Amino acid sequence: MRSLLILVLCFLPLAALGKVYGRCELAAAMKRLGLDNYRGYSLGNWVCAAKFESNFNTHATNRNTDGSTDYGILQINSRWWCNDGRTPGSKNLCNIPCSALLSSDITASVNCAKKIASGGNGMNAWVAWRNRCKGTDVHAWIRGCRL
């Protein structure tokens, strides 16, 4: 029993860091944070992007060949948008540590995503959105959700 308690206490901090959202749960959180129709992109676009970027996992990270890393539910890149302390020449245009993008609270990710989408490329900045969501019926991603 004591070893089980020690094991639980060791993994407890990891559980607090990230979260895998349900589709409708994420849609509701994104809507509450102002992403529905942000810069003309419907909520379904954002949910679709999150599905194919991170599979709705706030703790997702992916290392890129250029040495940068993508972080969080929308896989925001450390070369341009956040500071992870290890990406050479990082611009940190969202002025946040990349670790903030791994939280179960997606506020930092959404605020940074708004800055990214406000740039000249809009949601085209997300490769997964371009390849998997753009031009598709993205309303399907929020169908059946009570929003």
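The backbone N, Cα and C atoms fix where each Cβ goes, and this holds for glycine too.
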Whichever of Cys98, Cys112 is disulfide-bonded to Cys82 when Swiss-Prot is consulted: Cys98
Cys48: disulphide-linked cysteine among Cys112, Cys133 [source: Swiss-Prot]: Cys133
Disulfide-bonded cysteine for Cys145 as listed in Swiss-Prot, from Cys24, Cys94: Cys24
Disulphide partner cysteine [Swiss-Prot] for Cys94, chosen from Cys10, Cys112: Cys112
The domain 'C-type lysozyme' (19-147) [mean pLDDT, rounded to integer]: 98
Inter-residue Cα distance where the pair is Cys145 (disulfide bond) and Cys82 (disulfide bond), in Å: 31
Secondary structure composition of the domain 'C-type lysozyme' (19-147) [DSSP: H/G/I, E/B, coil]: 52 helix, 14 strand, 63 coil
Spatial separation of Cys145 (disulfide bond) from Cys48 (disulfide bond) - C-alpha basis, Å: 14
